[in-house]
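Quick look at what Swiss-Prot lists:
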type	residues	note
TRANSMEM	6-26	transmembrane segment
TRANSMEM	66-86	transmembrane segment
TRANSMEM	135-155	transmembrane segment
TRANSMEM	177-197	transmembrane segment
TRANSMEM	257-277	transmembrane segment
TRANSMEM	283-303	transmembrane segment
TRANSMEM	382-402	transmembrane segment
TRANSMEM	428-448	transmembrane segment
TRANSMEM	493-513	transmembrane segment
TRANSMEM	537-557	transmembrane segment
Amino acid sequence: MISNFILFALFIVTIALITKPLGSYIFRVFNNERTYLDWLAKPFQRVYLLVLGESSKKEQTAKAYFFSLVSFSVMAFIFVLVILLLQGILPLNPQEIKGMSFPQALNTAVSFITNTNWQSYSGETGVSYFAQMLALAVQNFVSAAVGLCVAIALIRSVARHETATIGNFWNDLGKGVFWILLPISIVIAIVYIFQGVPQNVMAYLHVHTLAGTEQIIPQGPIASQEAIKSLGTNGGGFFNANSAHPYENPTVITNYIQMVSIFAIAAALTYTFGKWVGNTKQGWLIFGVMLVLFIISLVVMTISELHGLDFLHSKDIQDIYGQVGHLSNMEGKESRFGVFYSTLYNTVSTSASDGGVNSVLDSYSPLAGMMAMLNMAIGEVIFGGVGAGFYGFFMFLMLAVFIGSLMIGRAPSFLGKRIEANDMKWTMFALLIFPCCVLVFTGLAAVIPSVHQTLTNSGAHGFSEILYAYISGANNNGSAFAGLSANTNYLNITIALSMLIGRFGVIFAVIMLAGSLVKKKRSLQMSEISSLDTTSFIFAILVFFTILLIGGLTIFPALGLGPILDQLNLNFL
């Protein structure tokens, strides 16, 4: 138990220590200031901008920024879709893997361009090396960079005033890839290789075991994809077992690096925001609220798993119970990681929009599974994905400012800018897209007989498997309750739709809000006379409960039919 506390403390300290230097670095990159990596990144950026031409030089309005973002995503979608359909005739395919069916290729292409990485296929048998490297790995970089661009555009809109532009998408995209994601990923990949993660394009090995049977050992360019999988909060595994596979996550060191990588950029953006708007206290307040939410989720999930079998009452179980004091739920977990390493990793993964797992979520106790759902259901704002976590949290921040100001009889304002009705419309649009999307698609799937046939469990747990799939898809997480066989035409198409709506619907609202904020006057006098101090402890509490009440209650009835009912059924066995 002491070792678990030490690991947790080390993890939190590491994230806190990374936040300021990485946040400052991101600030310098997007403010065109000198950085230590200019010598490496600038040549790539020059070639990239030369290819784009004039479109990369002019500042863009919110509408132009969003149009460029969508145009890029459409091109990326077509590119990935074609490769997945034709991978059977493309090179670097030693296993002779055939092209995907159109519904599955559609689902996979949407999944990777939206930074979801939902996988209705098994990586080692469903995708060639060529597709892994040129289609999926590339999207791991650029889809993460797209989320980062949106967050930076939003931060600019708060810092700037009385102007119409929020930056240039194409320029921001290049900076996100060449200055931030690519250099850090290279370092992480090298560490992974030294830890035993393979990086090759060899055919799978056929070996004879001591038992006299033949075993197939997969190979591939794993280290390079694994690095950006975590750093870009993508989560799509090279193997079906994801980070439970010893080739993806062979040691405790790689497990720790993956967890830190998942939170690194999202945590740093809180400091970037504070530094950019000239109020670092505001950034640390955001960091603090995120951290408290994370700790609560981790504690509940860990306790649920450490005592996950206490409800069993047979004599044999009672004999063991009397010896160890409690029964931990080790089903679906790697013995080399144990319960705490598993719950810590999966709390990190579901809090961010990563979706990578080092244990089987479907085997978790119902309450632990519910916490994984809640981490996503509140909008992935517990640090969250690269960029997406920050702009999701900012929507709740705006709502808390609006509610708090009205409660004390003041006109709502944030950092000297008046918050008006139009701003709140975009805020609520962003916050309501997810629950509407999830509840509609889950309700439809729950009454379709063909979907029932894809479930390995019935009743409340079967409903939880369906609910989890659409929560994960709409929030661009990508993790799953594996009891749902997702490779059907209906699930491939509807989950793809939920991913598109959850990603681009929210981005549209965020960028439109940014377009509104950037035009406003910034009155420091207004900020000073306002009684609502947005850096105070009381405001932090207001934001905390706004997230829980608005984010959590919208999905609570569905949770009642799924994991809560599932837990009650177990308690009365």
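In case you wondered, yes, glycine gets a Cβ from its N, Cα and C as well.
If you look at the transmembrane segment (257-277), the same-chain residues 6 or more away from its ends with a CB under 8 A from one of its CBs are 11, 14-16, 18-20, 22-27, 31, 148, 151, 155-156, 158-159, 180, 184, 188, 191-192, 226-227, 230-231, 233, 243, 249, 283-284, 286-287, 290, 344-345, 348-349, 352, 354, 356, 383-387, 389-390, 415. Using a cut-off of 8 Å between Cβ atoms, the transmembrane segment (537-557) and the transmembrane segment (428-448) share at least three residue pairs, counting only pairs 6 or more apart in sequence.
Same-chain residues lying 6+ beyond the ends of the transmembrane segment (135-155) with a Cβ under 8 Å from its Cβ atoms: 30, 62, 65, 69, 72-73, 76, 79-80, 83-84, 112-115, 117, 127, 166-167, 169, 172-173, 176-177, 180-182, 185, 221, 224-225, 228-229, 231-234, 236, 265, 269, 272-273, 276-277, 385-388, 390-391, 394, 507, 510-511, 513-514, 517.
Two recorded stretches are said to be in contact when at least 3 C-beta pairs lie under 8 angstroms, sequence spacing 6 or more; the transmembrane segment (66-86) and the transmembrane segment (283-303) fall short of this definition. Proximity of distant same-chain residues to the transmembrane segment (493-513), defined by a Cβ-Cβ separation under 8 Å and at least 6 residues beyond the stretch ends, is recorded for 62, 65-66, 69-70, 73, 103, 106-107, 110-111, 114-116, 118, 120, 150, 153-154, 157, 166, 388, 391-392, 394-395, 398, 423, 426-427, 429-430, 433-434, 437-438, 441, 444-445, 469-470, 473-476, 486. Away from its own ends, the transmembrane segment (428-448) comes close to residues 377, 379, 392, 395-396, 399, 463, 466-467, 469-471, 474-475, 490-491, 494-495, 497-498, 501-502, 505-506, 509-510, 513, 550-551, 554-555, 558 of its chain (Cβ-Cβ under 8 Å, at least six residues beyond either end).
Where the transmembrane segment (382-402) meets the stretches 6-26, 177-197, 283-303, the count of C-beta pairs under 8 angstroms peaks at 283-303. Listed by sequence, the residues of this chain that lie at least six past the ends of the transmembrane segment (177-197) yet keep a Cβ under 8 A from its Cβ atoms are 25-26, 29, 35, 37, 40-41, 44-45, 48, 141-142, 144-145, 148, 222-224, 226-228, 230-232, 247-248, 250-251, 253-254, 257, 261, 264-265, 386.
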